[in-house]
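*Asks:* Pasting a structure here, questions to come.
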């Protein structure tokens, strides 16, 4: 049984591509055969986050137009040999691939892969319409910021209009000290407003930046809290019940209490 | 800490910015979801002014019209500052009847 999941957000810069890369690596680590499709034609980046930018021969546009079969365009990951990337073109634009073409590509891939993750571009124009066309369900990524939540709400509306009603939420880049001080929207605020099931709460973590620098998704870094949060999302996608991480920074007093089991 | 103490003494303007964000989001999403253009809202505003003006002198500049959420339904809120009630209109109406 294969599942096609689109990772979308409306707003740019909230971490769609980072989420796609991490979930891809996480699912592959669990032994699933996974393909990641970058649909951000003209502004591709998923290859960089996976450290595969030097291995691209063909792209999504070549496959969509029938120039090459999809297998010829796939790039195998260096460390995880059951993880593949279908990169997109950096020189064409969003009009180069339409929804029907992507549906067709995904249908061909379904028999070979357990998970097909589609990295959606920002915006609600053609690129978005193409990316969501093939999806069985959608993961909406947002941040605890007024503009990101507004755009997530808009995207949820657009997904519903496209008959994609199976939608899950990931809240990225949570700054726990600001939430505690009341200076950032907290999870209950976002739940109240968007009212869709949340499968991820990811803290803002500098290790996301350093791991992006190296082209190694942070989920492989056991010391990173964001990495743990992404691992938990992977578990929830696989149907496990996992409690959310406590993102509060522990001070000396908390640590003492933990040690004394009180 | 100081902020918390200030709040204790009722400094409303110091409500945490996360709370402000939530309140602002709620209002903006009502408009977004209703899918009403500002143009339509302005038409409604003009029509309301037309109707009210034959009864009252109103301050058009300070008039505010917005959508708001009221439990599970959407309400149209109009805040219309009244300068003066046109008494002669009211009495002429009464004599018509």
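Don't overthink the numbers, they just go from 1 along the chain as shown.
Using N, Cα and C of the backbone, Cβ positions are placed for all residues, glycine too.
The ATP binding site annotation in TrEMBL covers A:11, A:12, A:13, A:14, A:15, A:16, A:17, A:18. Per TrEMBL, the feature domain 'AAA' maps to A:3-165.
Structural setting of the listed features?
*Replies:* Under the DSSP three-state reduction, residue A:13 (ATP binding site) is assigned to coil, being neither helix nor strand. Neighbours of residue A:13 (ATP binding site), defined as other CB atoms within 10 A of its CB across all chains, total 11.
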*Asks:* Quiz question: given the binding-site residues A:11, A:16, which has the greatest number of C-beta atoms lying within 10 angstroms of its own C-beta?
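*Replies:* Per the Cβ count within 10 Å, the most buried is A:16.
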*Asks:* What is the total of other Cβ atoms whose distance to the Cβ of residue A:15 (ATP binding site) is within 10 Å?
*Replies:* 23
*Asks:* How does the model score the domain 'AAA' (A:3-165) in terms of mean pLDDT?
*Replies:* 97
*Asks:* According to DSSP, folded down to helix, strand and coil, what is residue A:18 (ATP binding site)?
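*Replies:* Once the DSSP labels are grouped into three classes, residue A:18 (ATP binding site) ends up as helix.
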